[in-house]
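Undergrad: Please see the structure below; I have some questions.
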Amino acid sequence: MSRPLPYTMSDVNYDNAKFRQRSLLQVIMQALQTSNVKRHSMSCSTGKFLALFLIFGLAYLMLTHSSHIHSDIRGLAKENMTAGEDNINLYGAGGIKRFWRKPPRLPPRLPPDDNVTSNSSKHALGTQGVNSKWLARQQSVKDAFVHAWSGYKSYAMGFDELMPVSQRGVDGLGGLGATVVDALDTAMIMGLDNVIHEAGSWVETHLSSRIDKKGQVNLFETTIRVVGGLLSAYHLSGGGQAMASTFKGPKPNVYLECAKNLADHLMNAFTSSPTPIPYSDVVLRDRTAHPAPDGLSSTSEVSTLQLEFNYLSTVCGDPKYSTAAMRVLEHLRTLPKVEGLVPIYISPQTGQFNGENIRLGSRGDSYYEYLLKVWLHQGSHANKDMSYLHDMYEEAMKGVRHLLVRKSVPNSLVFVGELPYGHDGAFSPKMDHLVCFLPGTLALGATKGIRKQDALKDNLLTFDDMENLRLAEDLAKTCFDMYAATSTGLAPEIAYFHTEEFSETGLDGGNKSSEYVHDIIIKPADRHNLLRPETVESLFVLYRITEDPKYREWGWQIFEAFEKYTKVESGGYSSLDDVTKIPPRKRDKMETFFLGETLKYLYLLFGETSVLPLDKFVFNTEAHPFPIKVAA
């Protein structure tokens with residue numbers, strides 16, 4: 001324990017020559033007695049004269065300039081002064097009084113151990129102030145979630161999505177109450193008992209019958225939002241005795257049974273296909289499946305089912321879900337690639353890629369994300385059978401760095417473009433907001449979820465890891481600048497970048513004060529904002545890994561822009577038509593992922609890093625956390 005600094009009268013006799021109070025005469029005499037001048041010069045009359053001249057000169061200077069000398073102390077003294085007029089006069093105009101006033105006593109030097117402890121105490125106080133700021137901001141996000149839920153509950157309960165402006169609900173995802181399930185684990189993480197009870201009761205009362213009676217749903221969207229949301233709620237509410245449940249609402253097995261029932265219906269997408277590649281759509285009520293109208297599936301959709309189906313097999317003890325889903329990745333492993341990169345379409349009929357379009361935006365994005373996350377979720381190093389996934393991920397990230405990464409002009413923003421006509425075709429400087437998942441994935445892949453500082457200390461980072469981490473930080477900056485460059489402070493759905501080969505004028509984001517206003521091009525058709533989570537997801541991951549506070553500050557700026565321009569006073573938040581204009585026109589739709597992902601990641605970004613640590617949990621592509629499998 002550190003000793004208190006001796007500012008009280010009980011410590012005035014502290015024996016430290018440096019800080020003991022002495023008169024001016026004592027100071028001068030001690031200096032003369034110990035100086036070479038005294039020994040070598042005082043023996044002659046000239047030396048004595050010079051010494052006296054020096055003494056009187058110093059006295060004169062102190063008398064005439066002491067007010068200047070003490071000016072810096074005056075403000076501090078006034079702040080700490082508790083006595084009356086007499087104390088104030090010491091700092092007044094009287095030169096003689098100022099001269100003879102004893103100098104303020106400084107605290108003694110503490111032993112080294114006490115110094116460290118004292119500094120630590122100061123640091124702890126500073127940290128406490130910082131924490132209080134971020135806890136207040138986290139509360140603001142929690143309030144936003146409550147506002148979003150209140151609008152949904154009032155006008156759209158049981159529908160997939162809220163239309164907040166027209167105050168009604170709409171079923172755009174098959175009618176399974178997607179917002180209820182997507183928001184449920186966010187409410188659990190935030191500790192919102194009323195919302196948990198309302199959402200959980202709705203699931204218990206209505207969801208099973210809807211699963212049996214509803215029509216067509218998309219395999220991918222239903223898996224990541226509804227199956228994923230139910231499984232996460234199962235775990236967070238204490239399923240499998242993993243955690244002690246303190247939540248109101250149904251027992252954990254209610255969520256698990258609903259997830260199992262829904263997955264049994266969705267399994268038809270796998271069993272109906274002639275290849276390991278599942279069909280894209282399922283009709284729930286008659287348990288049939290069929291391909292999309294053009295016969296093709298998105299590469300990202302067929303490869304973004306495995307986290308959910310693997311975890312379902314783990315908790316219910318039936319391997320059929322994992323077996324069907326993993327056959328997809330095992331098949332994709334055998335197909336030809338371009339430096340690890342793959343086209344965005346694949347045929348369930350032939351099992352082959354279709355076309356040459358390569359991108360990390362829509363229809364391509366989460367393929368790369370799940371190569372890493374499925375491997376991590378299954379225990380990474382402990383599971384040798386899954387090591388091929390990490391190999392595929394590493395090869396793909398090298399391909400991204402080699403083929404897709406470019407810099408803008410004039411300010412060298414790093415971005416990831418596209419190859420719409422394959423490796424031999426022209427490069428496109430187009431980057432979807434969806435690509436902003438990549439900084440978080442790169443950082444996660446580099447350190448496997450532990451802090452960068454710890455990974456460096458233990459020599460866990462390879463050269464490729466360091467390259468990926470550097471790219472992650474560069475891309476996160478670009479993703480944030482896609483927000484900062486617009487009039488509203490919110491990013492467009494798609495941005496293009498000025499390069500040496502590509503340039504369009506008059507299509508900036510509207511924020512003329514942005515340093516990158518001339519680097520980023522936003523075409524009229526791409527100016528909408530859907531309340532997407534990808535950038536704040538990456539800020540959350542990067543903050544957890546690097547502990548750099550700028551990621552929190554960027555997240556707060558984004559949240560403030562959401563609050564300012566997308567909030568609907570009657571309840572809910574709305575997508576926008578054009579982020580480059582003020583005021584922006586609202587699109588009248590609140591996507592389920594705003595509650596399931598965007599607000600969840602912001603809440604976690606501003607909170608304690610011990611909550612859902614990245615080396616213990618993997619978040620699916622809809623931000624539903626699953627515990628990482630522990631090796632037996």
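Glycine too: its Cβ is placed from the backbone N, Cα and C atoms.
Below, the features straight out of TrEMBL:
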- GLU221: active site, proton donor (ACT_SITE)
- ASP365: active site (ACT_SITE)
- GLU493: active site, proton donor (ACT_SITE)
- GLU534: active site (ACT_SITE)
- THR621: Ca(2+) binding site (BINDING)
- CYS436-CYS479: disulfide bond (DISULFID)
- 102-125: region 'Disordered' (REGION)
- 46-63: transmembrane segment (TRANSMEM)
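Are these features on the surface or tucked inside, and what are their neighbours?
TA: Cβ contacts within 10 Å of GLU221 (active site, proton donor), excluding its own Cβ and spanning all protein chains shown: 20.
Residues near ASP365 (active site) in space but far in sequence (CB under 8 A, at least 6 apart, same chain), listed by position: SER300, ASP432, LEU434, VAL435, PHE437, LEU438.
GLU493 (active site, proton donor) has a Cβ environment of 19 other Cβ atoms inside 10 Å.
Proximity of GLU534 (active site) to non-local residues of its own chain (separation of 6 or more, Cβ distance below 8 Å) is seen for HIS433, LEU434, VAL435, CYS436, PHE437, CYS479, given in sequence order.
Over all protein chains present, the Cβ of CYS479 (disulfide bond) has 29 other Cβ atoms lying within 10 Å.
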Undergrad: Measuring Cα to Cα, how many Å separate THR621 (Ca(2+) binding site) from GLU221 (active site, proton donor)?
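TA: Roughly 10 Å, rounded to the nearest whole number.
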Undergrad: Would you count the other C-beta atoms found within 10 angstroms of the C-beta of THR621 (Ca(2+) binding site) for me?
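TA: Taking every protein chain into account, the count is 26.
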Undergrad: Round to the nearest Å and give the CA-to-CA distance linking GLU493 (active site, proton donor) with GLU221 (active site, proton donor).
TA: 19
Undergrad: For CYS436 (disulfide bond), just count the other CB atoms lying within 10 A of its CB, please.
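TA: Other Cβ atoms found within 10 Å: 29.
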